[in-house]
Amino acid sequence: MGGKQDPTANGSPKSESMGAKKASPDLLNSSFSFKSLKLKTKQQELLLRVSILGLVYVLAFIARLFSVLRYESMIHEFDPYFNYRTTLYLTEKGFYEFWNWFDSESWYPLGRIIGGTLYPGLMVTAALIYWTLRFLRFFVHIREVCVLTAPFFASNTTIVAYFFGKEIWDTGAGLVAAALIAICPGYISRSVAGSYDNEAVAIFALLLTFYLFVKAVKTGSLSWALGSAFGYFYMVSAWGGYVFIINLVPLYVLVLLITGRYSMRLYVAYNCMYILGMLLAMQIRFVGFQHVQSGEHMGAMGVFLLMQVFYFLDWVKYQLNDTKLFQTFLRITVTSAILVGGIALGVGTASGYISPWTGRFYSLLDPTYAKDHIPIIASVSEHQPTAWSSFMFDYHILLFLFPAGLYFCFKRLSDATIFIVMYGLTSLYFAGVMVRLILVATPAVCLISAIAVSATVKNLTSLLRTKQKVPQTGSTKGVGSSKSSSKVTLDQSQPFQKNGAIALLVGVFYLLSRYAIHCTWVTSEAYSSPSIVLAARGAHGNRIIFDDYREAYYWLRQNTPTDAKVMSWWDYGYQITAMGNRTVIVDNNTWNNTHIATVGRAMSSYEDEAYDIMRSLDVNYVLVVFGGVTGYSSDDINKFLWMVRIGGGVYPVIKEPDYLVNGEFRVDKGASPKMLNCLMYKLCYYRFGELVTEYGKPTGYDRARGVEIGNKDIKLEHLEEAYTTSNWIVRIYRVKPPTNRL
Amino acid sequence: MALVGSFSFNSFLFGVLSCTGTAFLAICLWIQVNKENKKFKDLAPKRAFADFVLSNLVFHLVIMNFFDRCPSPILNVVFMSCKNVV
């Protein structure tokens, strides 16, 4: 201490920090000096880490609360309403009723075996949280728990990301990974407060399973492998995307085997996870015996058998002690093993015992498959290929940090980094095929980018903290700092290294701050809308709320008989059953394509044929969504062609060209006569021809399509208008009983 | 046999998996305890045995769930066909 310059004492960072700490008591002249708080470097580091993680945890939670603050605490979108309804049922009736539930309120007249066709993880999790809170005497409503489940699990994901980053690289990378994933828009999009969907807990389960598995491979301990099996079980119970895990992990093991990294630890870890994970997964009724019967799970079994072969070979090698003999033996065994495996697979597939890949997953490998064969999968907007702008929107700087992180991973190859590289590459490929899968790629991208950021910042700061040698003249500054990957002392020919390092550090922090600003902006503008409540700006800049959906559903709930059946397009099924509490014909589960095609056919036929179909289905009410008055573009007229395609896929009497004019979809005077007189057109535009929607435009001007409609004088014979919401967004019609025969 | 109930696929699967699983867990214990394995030098044998016991507990609990578990095979077929439509 004091003015004397002692180079040896100032060399190590430990004494530097202690020197800094000693300077602080001079600020406070009280008896309680800060000397008592003098912490060693290790404790300082721990304090920093814990406080950073705590802040990140809180940040992840509150970043997702925009829609709760702007609108109200409600469930968003379509699928979450089904999850909410089932959670409600679970908390009211108990687990046994829930597990054996047959629902007659949807898919009339078929009904749906809900207990056996859903992934119960999300509902059980929310119910457990609800029961815990109740036990602690916090009497919250189940809806609040459901709305806030997703942000809570997002916070937990950041903690898992920290541990995972620590496992792959070091604690610095873990911290950066936690911070990046807390606000990454790719993850926020599906885990915002109110988005009570499977992905909310599934991403947490995914990352947990991967972390525990990597830990198991690293340590070779059976208990970590058991943990990863339980993580896998949680994932299977939560989301259908568990197929990704059961294919990625065997692929990773295969890569390790091929690159010669076979070890006993790998044997223990993979086998335990496979056997126990498979057994646990079969407890979920929806999954059933798929692990031994479906083509999508055969990769895991193949690698499992391959592992046994490797273990056997290892043991033989140890026993034999003779290289030449062993080589021959090796060749024979491997060839015969592959032959036997191939024959078994062939026989299984040919006899039909092993079912082929289902359409949903096959379209990931062949993106054109769904468009030609399964229009229902192709029609979902989330299943479209991703545009570059979506990548930029959801990842921002992580897009170019990802290749940088890959470089660092390849520099320090170990079992853990190989895993994260494989996870990143495969998930990015799938994210390119389907927009929805950007969510699955987000943890990998965040982790790898965190490695890039952490390694760069570490190199730069190590430059800053080194001793300053006597500087020499000349040379540029920029080159030095970029080449200083692992040097601790300064290069004498580049005198401005420290300045370069400072400049680059400022650059890094600027980038990260821009990332944070972008993420907040994206969350606020794009991903916080509840979809069931629409908002717009009025002429004077005031905010106008369109609450038409809930208005219509509550009208249904209060003004129709309890056994009324409502026909609508499948998008609204879940919401109608959850909020309107009425039986629907088709809903978002889309498990029966023919039933949906029947509804599609009814919507696209003339009124008489449609009436016959509706009578055969016992329909009492028809619900359509119409955006012509407000300019709302996700209405049924814009979805109409999909109804035609899906209906036409099953009933060849519906032909798509009938509704188009020169390949163009029109609703104005030039539209085809079939289009102008079909049921959907009539129901949407009934009495619309009398309405003036925009100043200066003629009556019946459709604001969503931007044209004046063709058929203004619509008369309905078999239906009558029951209710139209205040902004004409939802329209409900009653099906009249048949007229008396004379 | 009354022990495994009337669903034949259940019992077949239970048989195969319990044999495989028990064999694997025993092999695991052997690997971890064997002094000639240099990789597992720093793993105490007591810890390996504790892991073995715990895994066996979990494993057998899950296997026991296969006794008379599934609803009727007809519904099982319905599930399979539901899944293949999507």
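Every residue gets a Cβ built from N, Cα and C, even glycine.
According to TrEMBL, the region 'Disordered' annotation covers A:1-24.
Under the heading transmembrane segment, TrEMBL lists A:46-66 (among others). Long-range Cβ contacts of the transmembrane segment (A:46-66) within its own chain (Cβ-Cβ under 8 Å, at least 6 residues beyond either end) map to 39, 150-152, 154-155, 157-159, 162, 171, 175, 178-179, 181-183, 188, 191-193, 519-520, 523-524, 528.
What TrEMBL records for A:52-448 is domain 'Oligosaccharyl transferase STT3 N-terminal'.
Cβ atoms under 8 Å from those of the transmembrane segment (A:113-133) belong to residues 83, 86-87, 90-91, 95, 98-103, 139-140, 142, 145-146, 149, 152-153, 196-198, 200-202, 205, 234-240, 284-286, 589, 591 of the same chain, restricted to positions at least 6 beyond its ends. What TrEMBL records for A:113-133 (among others) is transmembrane segment.
Marked as transmembrane segment by TrEMBL: A:145-165 (among others). Only residues 6 or more beyond the boundaries of the transmembrane segment (A:145-165), in the same chain, are considered here, and those with a CB under 8 A from a CB of the stretch are 53, 56-58, 60-62, 64-65, 68, 73-75, 80, 83-84, 87, 122, 125-126, 129-130, 133, 171, 173-179, 181-182, 187-188, 190-197, 200-201, 203-204, 207-208, 210-211, 214, 443, 446-447, 450-451, 454.
According to TrEMBL, the transmembrane segment annotation covers A:171-188 (among others).
Under 8 Å from some Cβ of the transmembrane segment (A:200-217) lie the Cβ atoms of residues 121-122, 125, 149-150, 153-154, 156-157, 160-161, 163-164, 167-168, 187, 190-191, 224-225, 227-228, 231-232, 234-235, 238-239, 241-242, 244-245, 249, 265-266, 268-270, 272-273, 415-416, 419, 423, 439-440, 442-443, all in the same chain and six or more residues away from its ends. What TrEMBL records for A:200-217 (among others) is transmembrane segment.
Taken from TrEMBL, the feature transmembrane segment covers A:229-255 (among others).
Positions annotated as transmembrane segment by TrEMBL: A:267-286 (among others). Outside the transmembrane segment (A:267-286) by six or more residues, the chain places 99, 115-120, 213, 216-217, 220-222, 224-226, 228-230, 232-233, 236-237, 242, 246, 249-250, 253, 292, 300, 303-304, 307, 310-311 with a CB less than 8 A from a CB of the stretch.
Beyond its flanks by at least six residues, the transmembrane segment (A:298-316) meets 246-247, 249-251, 253-254, 257, 262, 266-267, 270-271, 274-275, 278, 291-292, 326, 329-330, 333-334, 337, 341, 345, 348, 354 of its own chain at Cβ-Cβ distances under 8 Å. The transmembrane segment annotation in TrEMBL covers A:298-316 (among others).
What TrEMBL lists as transmembrane segment is A:328-354 (among others). Counting only same-chain residues 6+ beyond the ends of the transmembrane segment (A:328-354), those with a CB under 8 A from a CB of the stretch are 293-295, 298, 302, 305-306, 309, 312-313, 316, 320.
Summarising the annotation, TrEMBL assigns transmembrane segment to A:391-409 (among others).
If you look up TrEMBL, you'll see A:416-432 (among others) marked as transmembrane segment.
Look at TrEMBL and you will find A:565-623 tagged as domain 'STT3/PglB/AglB core'.
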In DSSP terms, the domain 'STT3/PglB/AglB core' (A:565-623) comprises 33 helix, 9 strand, 17 coil
Most Cβ pairs under 8 Å to the transmembrane segment (A:171-188), of A:229-255, A:391-409, A:416-432, goes to A:391-409
Per the Cβ filter (under 8 Å) with a sequence gap of at least 6 from its ends, the transmembrane segment (A:391-409) is approached by 168-169, 180, 184-186, 189, 417, 420-421, 424, 428, 431, 438, 442, 445-453, 455-456, 511-512, 514-515, 518-519, 522, 526
